[in-house]
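Enquirer: Here you go, one structure.
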Amino acid sequence: MKVSLFITCIGDVVYSSRVGRSVVEVLERAGCEVVFPEKQTCCGQPAFNSGYHKEAKKAAKHFIRTFEHAEAVVAPSGSCAGMVKEYPHLLVDEPSWHDRARKLADKTYEFTQFLVDVLNITDIGAYFPKRVTYHTSCHMTRIMKVTEPPVKLLENVEGITFDTLPYKEQCCGFGGTFSVKMLAISEQMVDDKVKHIVDTKAEVLVGSDLGCLMNIGGRLERLGIDVEVMHIAEVLNQRQETGESVGN
Amino acid sequence: MGIKISNDSFFERVDKGIKNDFMRQAVSSAQDRLEGRKSAITEEMGDWEDWRELSEEIRQHTLENLDYYLNQFAENVAKQGGHVHFAETPEEANEYITNVAKQKNAKKILKAKSMVSEEIGMNEALEKAGCEVIESDLGEWILQLDDHDPPSHIVVPALHKNKEQIRETFHVKRGYEDTAEPERLAKFAREQLRTEFMQADIGITGCNFAVAESGAISLVTNEGNARLATTIPKTTIAVMGMERIVPTWEELDVLVTMLCRSAVGQKLTSYITGLTPSPGGEGDGPEDFHVVIIDNGRSKILGTKYQSALQCIRCAACINVCPVYRHVGGHSYGSIYPGPIGAVLTPLLEGYDDHKELPYASSLCAACTDACPVKIPLHELLIEHRKDIVEKEKLGTFTEKVMMQGFGYGTSHPSFFKMGGKQVPFLMNIVAEGKDGGGIGPGPIKLWTEIRNLPNSKGDTFRKWFKKRKGGARDGNRDDQRER
Amino acid sequence: METGTISGKDKFLKRLSNRMGREEAPASVTLPAWSKRPQDKVLEGASQDELVDVLIAHSRAIHTDVVTSTSQDLEKFLQEAVSELGGGPIVCTRDERFSSFGLGNYLKQEEKNGSLHIWEEGSREDNFKIAEKANIGITFSDVTLAESGTVVLFRQEGIGRSVSLLPENYIAIIPKSTLVPRMTQAAKIIRDNQKNGQMPSCINFISGPSNSADIELRLVVGVHGPVKVIYIVVEDA
C-alpha cells in the first residue's frame, strides 16, 4: 500500500528527523511504500482552534490539494489527523471543497490506527526491554476515537513492561495555544501529568501525539526528571538484533 | 447575585484559585468521586450511547418547538388553577415574585436550590421587599450563612469548603458547638431548618423540567428540602429557565434518568416530585401555585449556532471531568455557571466584555463533550466563541492577528512555510500574545520556556533527511518489502 | 379552586417564534418517533419475582431494608418493622388498602392506644404538628420501580404529602403487583391516568431515605426527610 506521510509541523522541525524516520521505517517494514508530498505545510489546527477560520481554511485547502490523490494519508499525531477530520465541517459552506474534504478525511489515519485497523498488524516484531507507560492523547481518543491500537501494539513489543498511566484520560495541558495563553493553568495540568508518570516508575513515556510529547517532555526535562519521552513509532522501530533503530 | 460573581480580572481569579490548596484538593477528590460514580453507573447500562442519542433528540426537538411547548405548558397550568408569568428580564421576574410575596404578606420564604434564581438575583430583590429568604439546600445554606459566598459548582455549591470551615461558619453564625463530622453538621442543619420551614409563608423552588402536556413541574433532589418547600408553605413559586421543559412524562423519564446518573451517579435521586396546581383543601401542599418562566438572554441563543447550549440539563458532568476546573476551581470562572458549560453559556448570556477569556480557558481536550449526557458539543462551541471573538468582536490582539495572517499565508505557500526556520519551531510562532491578555506581551517562546524546555532538535529536519535518503537506504530496503 | 392566570406570554413567545424564523408557534406538534428507545429494554420481560430481586438488591445500595411478606404475615412484619424503628407515634395515610391487606384491626388498635394517627385533609397546622411529631410514617406504594428501588405515591384524598416526608422514619408497603421495571412504565401510567382526567396534584418518587453529599461529598443519610426507610413487599393476587 502506498502511504502519503503527513509529518506535521512538530514532527518535521521540532523533533528533527528522529520521529519521522521511525514512522517511515516501521511503515516500510509493514510493507508500505512511503511517499512524502514535499508541498505539505500545516494542518491549520493552531488557527482553527484560535478562531481564525479564514486562515485555517487556507491551510485546509492547501492540505487537500496536496494530499487528495493519496491512497492513504498517515500522520504521527492524532491531533493533526483529527484536524483533517474537521475539514468537511470547516468547509461546509463551500460544496465542492466540502466534498473533497470528506473524501480526504475518510482516508486519513493516525499512525497506530493505520497499522492496526487498516493493515491489521498488532505485532510489528519490535523489542524494547524497558518499563514504559503510555499517554493517551485527548484528540486521538475523543476526536479520532482511537484507543485500542497503540495499546495493542505496545503490549506485543517483546521485553516491554507496560503500565497503565493513572488518570490517563486527563489532558496534559498542551492544547496548542492554550499552553502559553493559559500558562499558569497549563503548568498545573502538566505537573499533574508528570506526577502520574513518576508514580508508574516508568523509564519511558510513550505517546502518539507530538504536541503532548513536546509539552510533557519539556516539563520533565525542566524539572530534571529522568524519564525518556518517545513517540510510539520510535519504540516500534527498536529491534532485537541491535536494540537500536534499524534502517540507518 | 446575578451571573457575574467577581470584579477581579480573570487572571487574578485563576491565580487565587491555583494558590488555594484546600480548594484544589477538595475539587480534585470531588471530581474523582463524582466521575467515578457516573462511569460506574453508565457502564452498567451498557447502552449509554443510545441513551445519549435519545436525550439529544428529545432536547433538540423540544428546543425547535419551544414556543409551542411553553404555550401548551402555560395553558395546562392555568387550566388547573395555577399562575404562569413569562419574564424576559430579571427585573420583570423579580417584580412578579415580590408582588406575590407582598400579596401574601409573606415574611419568611424558604428556598430550594435554583440556579436561575441566582441568575436573576432573586434573594436580594425579595430581601429589599422586606422578606427573609432562607436557603434550605444544605450546600446553599452553608454559603448563605458564610456571608453569601458564591457557589462554585452547579450541583454541589459548597464544594470548595471543608468540614472544618463549615463547622466554623455554623459556630460563628448559629452558635453550633458540636464536631465537624458531616453527620453532626447535617443534623444541626436539619433541626435549624425544620423550625424555619414550619413558619415559612412561601416556598420557592427551581424547576428541573416542566412537563408541557401535564402542566407539571418536576423537582429532582436528595435532601427533601424541595419537598418541604412544596408541602408546608401555602404558596409555591417555581422559577424556571425557559428551556427547561419536556413534551410529556415519557420524555421526563429519559431526561431525569440522565440527570441523576450524570450529576451524582444515582439511578434516581431520593426524591423526584411532580407537581401540578392543587385545588386547595388537601391538608398540606400549596394552595397557590405560581410558575415564573425566565428568558434572561436565552432567546438570543435560539436559532444561532450556539442553540445546542440550551440543551443543557445542568448535571455538571462536564464540570466533573474538566481538567481546567480541576485546577482553578469554580470561582475562577467569575460566573455562577463554571466549567465548560459556564465558559460557553456565560458569554452568551452576559456578553464578552467581562468574560472574553472564558472560551480560552480550555485545552479543547473534549472531555466535556464526551461526558455530556445530551451531547452538547461543548469544545466546538468554545471554538465558535473564539471565532466570534476574533472575527465579529475584533477582540483578537494585533500580534495574534499578524501571526495568524502570516500562518494563513505560510501554510498555503510551502516555500515560505519551510523558511519558518528550524531553531524556532513554527508552531511556537503561531501562538498567541502574552498571558497578560493585552498588548504585546512576552513572546510565545518565552512563555513556553518559562516552565518547559524545548526539545533538543539537533540534526536535519525530517524533510532534509527524507530527501537525502531517497535512492539510498530506502532502495536497499525494497527487497524486504512484503507486497500487500 | 382559584382561576388560573397567564401573564406576559404573547410578547415572550412571539420573540421566541421570531428567533426561530416564524411568526408564531406552530398550531400543533407531533412527537417524533425517537430513533432509540433504550428505556424499554431495561429489565424487559422480567417476572414479578425477578423484579422483587432487583428491588431488594438496589434498595440495599440506597440504605433501605426490604422485607417480603405473604398477605397473611403482613401484620406481623409491619409490627416488627415498627418496633425496629422504635415504635410510635405513627402517622399513616387514609387508604383503603390498609384494610384490604388485613391491617384494619392493627390500625384500629394502635389508634385506640393513641399511638397512631390516620391522615385527614383537615387543618394544615394540625396535620404538620402530628406528622412532624410522628416517629414513623406509613404509606402504600402505587407504582414501584425495581431498577431504582423507588416507591411512587400519587396524592389522592387521604394520601397526604407529609406522611412520607415529615416523620423521622418511613415504611412503604409495596403490593407486589405494583412492581414495574423502571420509571418508564410509571411515566406511561401517569400519562394514561392523565388522559382519563386523573392528574394528581403531587406525584412523589421516593428512593430510600433523604440524603446529602454537600459536605466534602461525604454521604449523610437523613437530612430534611426521613432518616431510615423500610420497604415491605407483600404478595397480592
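Any Cβ shown, glycine's included, is placed from N, Cα and C.
What you are looking at is a predicted structure, and each value in this text was computed from that prediction instead of being measured.
I grabbed these lines from TrEMBL:
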type	residues	note
BINDING	B:Cys312, B:Cys315, B:Cys318, B:Cys372	[4Fe-4S] cluster 1 binding site
BINDING	B:Cys322, B:Cys365, B:Cys368	[4Fe-4S] cluster 2 binding site
DOMAIN	B:70-294	domain 'LUD'
DOMAIN	B:309-376	domain '4Fe-4S ferredoxin-type'
DOMAIN	B:384-470	domain 'Lactate utilization protein B C-terminal'
Enquirer: Taking every residue in the domain '4Fe-4S ferredoxin-type' (B:309-376), what is their average pLDDT?
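Expert: 97, rounded to a whole number.
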Enquirer: Taking the mean position of the Cβ atoms of B:Cys312, B:Cys315, B:Cys318, B:Cys372 as the [4Fe-4S] cluster 1 site, which residues outside that list, in the same chain, have a Cβ no more than 8 Å away, listed in sequence order?
Expert: B:Ser262, B:Ile313, B:Arg314, B:Ala316, B:Ala317, B:Ile319, B:Pro340, B:Ile341, B:Cys368, B:Ala371, B:Pro373, B:Val374, B:Ile376, B:Leu378
Enquirer: Quick check: of the binding-site residues listed here (B:Cys312, B:Cys315, B:Cys372), which one has the Cα closest to that of B:Cys322 ([4Fe-4S] cluster 2 binding site)?
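Expert: Closest by Cα distance to B:Cys322 ([4Fe-4S] cluster 2 binding site) among the binding-site residues B:Cys312, B:Cys315, B:Cys372: B:Cys372.
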Enquirer: Whole-number answer please: how many Å between the C-alpha atoms of B:Cys315 ([4Fe-4S] cluster 1 binding site) and B:Cys368 ([4Fe-4S] cluster 2 binding site)?
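Expert: Between the Cα atoms of B:Cys315 ([4Fe-4S] cluster 1 binding site) and B:Cys368 ([4Fe-4S] cluster 2 binding site), the distance comes to 12 Å.
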Enquirer: Could you check which of the binding-site residues (B:Cys312, B:Cys318, B:Cys372) sits closest to B:Cys365 ([4Fe-4S] cluster 2 binding site), going Cα to Cα?
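Expert: Nearest by Cα distance to B:Cys365 ([4Fe-4S] cluster 2 binding site): B:Cys318.
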Enquirer: Which ones, of the binding-site residues B:Cys312, B:Cys315, B:Cys318, B:Cys322, B:Cys365, B:Cys368, are Cβ-proximal to chain A (under 8 Å)?
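Expert: Qualifying residues, whose Cβ lies under 8 Å from chain A: B:Cys365.
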Enquirer: Using a Cβ cut-off under 8 Å and a sequence separation of 6 or more, which residues in the same chain sit near B:Cys372 ([4Fe-4S] cluster 1 binding site)?
Expert: B:Arg52, B:Ala317, B:Cys318, B:Leu378
Enquirer: Please list the DSSP helix, strand and coil residue counts for the domain '4Fe-4S ferredoxin-type' (B:309-376).
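Expert: Taking each residue of the domain '4Fe-4S ferredoxin-type' (B:309-376) in turn, the totals are 38 helix, 1 strand, 29 coil.
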Enquirer: Tell me the Cβ contacts of B:Cys312 ([4Fe-4S] cluster 1 binding site) under 8 Å, same chain only and six or more apart in sequence, or just say none.
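Expert: Spatial neighbours, sequence-distant, of B:Cys312 ([4Fe-4S] cluster 1 binding site): B:Glu243, B:Ile341, B:Leu345, B:Val374, B:Ile376.
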Enquirer: Starting from the Cβ of B:Cys315 ([4Fe-4S] cluster 1 binding site), draw a 10 Å sphere and report how many other Cβ atoms land inside it.
Expert: 26
Enquirer: So for B:Cys322 ([4Fe-4S] cluster 2 binding site), how many other CB atoms are inside 10 Å of its CB?
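Expert: For B:Cys322 ([4Fe-4S] cluster 2 binding site), the 10 Å Cβ neighbour count is 30.
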Enquirer: Near the Cβ of B:Cys365 ([4Fe-4S] cluster 2 binding site), how many other Cβ atoms are there if near means within 10 Å?
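Expert: Other Cβ atoms within 10 Å of B:Cys365 ([4Fe-4S] cluster 2 binding site): 29.
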Enquirer: Let me check the 10 A CB neighbour count of B:Cys318 ([4Fe-4S] cluster 1 binding site). How many other CB atoms are there?
Expert: 28
